[in-house]
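A.B. asks: A single structure is presented below for examination.
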Amino acid sequence: MRVNPDELTKVIEERIKSYESGEIKEIGWVMQVSDGIVRAYGLKDVMTNELVEIETSEGEKIYGIAMNLEEDNVGIITLGDYKGIKEGDKLVRTNRIIEVPVGEKLLGRVVNPLGMPLDGKGEINTDDFYPIERKAMGVVTRKPVDTPLQTGLKVLDALIPIGRGQRELIIGDRQTGKTAIATDTIINQKGKNVFCIYVSIGQKSSGLARTIDNLEKYGAMDYTVVVAADASDPASLQYIAPYAGAAIGEYFMFNGKDALVIYDDLTKHAAAYREISLLLRRPPGREAYPGDIFYLHSRLLERASRLNENYGNGSLTALPIIETQANDISAYIPTNVISITDGQIYLETGLFNAGIRPAVNIGLSVSRVGGDAQTKAMKRVAGSLKLDLAQYRELESFTQFAADLDEATKKQLTKGEKLTELMKQPQYSPMEMEEQVAVIYAANEGYLDQIPTDRISDFERQFLAYLKENYRDTLNKIRESKDIADEIKKELNEAISKFLNVFR
């Protein structure tokens, strides 16, 4: 029997074609599991921070992140309940870094750091996914901060202005109003085309529920995404939460829009990372934090930026929050974040308890780049305000020891008291820029000298109502021109004089 080589070749080719090429997967096995950390062997080519799929003996799939790449094993943090994982379970590489869903379909939703909904409003159907870790945009892609981000709070917009693309730290002890400033800022973005991302890290569920309830009450959830990793969530989820929030914010920035992301708070984020690092047996450093704790926050906050025209003109503003112990801003994490950010808003327990709210310490608070973004109108009226208030606080502490004071000091103290009273503002009542300018202008021109200190808040409320009713055009001119020309000053002087005749 003669074999035809051509026929044989044809049969072999057909057989080869009939085989389905299987997907090549790199697998490993669990050696040890404890406290949410899995030690595995195999996975020789796994990347750092790569997403790994763990298949339990019950058929359940649990995801983890490869954090420690050692010679003979890989240290993996699990993103969920690790109790079903046993020694010998199989692991599979995914060949990708962890990603989160992004886009406008997330607005109004509460999600966990993996982008899974927590609000019971159904699935989020979006086609866009961003990696949670991304290299910050380079210097050539950026432009200087030049547009204000109005918080609606007089004391901040006048004295510690924030620009779009800035990183401004909110720092203070517990219960000093840090989250209140953040939520007021979100509420004030209504109608200003700024998309907000509120990242809750290690907070109590009751506190988070209250914040979400307030955002819904004031219509702020329409343009806000809440990323929540509360105190009961594993440290791994608390660790990735701010990066997920930054990725959601970057989507808006890369699409030429303005976004604001609030990290509440990075003290708990650092504690979660310390917990993970110690469980992975990484060497501890100062205050038991690992050596790369600075890089943890710098790579996160550097992602906030103001892009130039060639890259879409978008911006991502970051307001990280840090909780101090006994007003100690010289501790490790506070000093790290202060050195990374473009300024800080320092809230003081003493001021808060004295009823001065927002409890901003003017002397220790600063905005390094926000002044360039401040409107001309606000710059003109708020010029000497910060100095006056800082000097008043200094004088006030000295006068506790002095019995008799000269007239000039008494006058300065009275002025300082009235300005401090004017800077007070109730929560959930943000003010428009033109209203702030009008009120501060009245103080600068000495019109408050004849008003008793305890009537300042009444004066402000009634004066703004009077302006809206009788001088709406003047307010519109300030808003549109963003300046306070001589003509506007003349109209404001006329308005204040007329109002003082009817003020009671």
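In case you wondered, yes, glycine gets a Cβ from its N, Cα and C as well.
According to Swiss-Prot, the protein carries these features:
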| type | residues | note |
| --- | --- | --- |
| BINDING | GLY172, ASP173, ARG174, GLN175, THR176, GLY177, LYS178, THR179 | ATP binding site |
| SITE | SER365 | site 'Required for activity' |
A.B. asks: Same chain, not part of GLY172, ASP173, ARG174, GLN175, THR176, GLY177, LYS178, THR179: whose C-beta falls within 8 angstroms of the C-beta centre of the ATP site? Give them in sequence order.
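C.D. replies: What remains near the Cβ centre is GLU323, LEU347, THR349, PHE352, ALA359.
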A.B. asks: Ranking the recorded positions GLN175, THR176, THR179, SER365 by other Cβ atoms within 10 Å, which is at the bottom?
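C.D. replies: If we count Cβ atoms within 10 Å for the recorded positions GLN175, THR176, THR179, SER365, the smallest count is at GLN175.
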A.B. asks: At the Cα level, what's the spacing in Å between GLY177 (ATP binding site) and SER365 (site 'Required for activity'), rounded?
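C.D. replies: So the alpha carbons of GLY177 (ATP binding site) and SER365 (site 'Required for activity') sit roughly 15 Å from each other.
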A.B. asks: With Cβ-Cβ distance below 8 Å and at least 6 positions apart along the chain, what are the contacts of LYS178 (ATP binding site)? List them in sequence order.
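C.D. replies: Sequence-distant Cβ neighbours: ILE170, ILE171, GLY172, ASP264, ASP265, ILE321, GLU323, LEU347.
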A.B. asks: Would you mind pulling the DSSP three-state label for GLY177 (ATP binding site)?
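C.D. replies: DSSP assigns GLY177 (ATP binding site) to coil.
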A.B. asks: Which has the fewest other CB atoms in a 10 Å radius around its CB: GLY172, GLY177, the listed binding-site residues?
C.D. replies: GLY177
A.B. asks: Name, in the order they occur in the sequence, the residues of the same chain whose CB lies under 8 A from the CB of ASP173 (ATP binding site) and which sit 6 or more residues away.
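C.D. replies: Looking at Cβ-Cβ distances below 8 Å from ASP173 (ATP binding site), excluding near sequence neighbours, one finds GLU323, THR324, GLN325, ALA326, ASN327, LEU347, THR349.
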A.B. asks: Can you grab the distance from SER365 (site 'Required for activity') over to THR176 (ATP binding site)? Cα atoms, rounded to a whole Å.
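C.D. replies: Pair distance, Cα basis, whole Å: 15 Å.
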A.B. asks: Return one of helix, strand or coil for SER365 (site 'Required for activity'), based on DSSP.
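C.D. replies: Reduced to three states, the DSSP call for SER365 (site 'Required for activity') is coil.
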A.B. asks: What three-state secondary structure does DSSP assign to GLY172 (ATP binding site)?
C.D. replies: strand
A.B. asks: State the count of C-beta atoms found within 10 angstroms of the C-beta of ARG174 (ATP binding site), not counting that atom itself.
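C.D. replies: Its Cβ has 11 other Cβ atoms within 10 Å.
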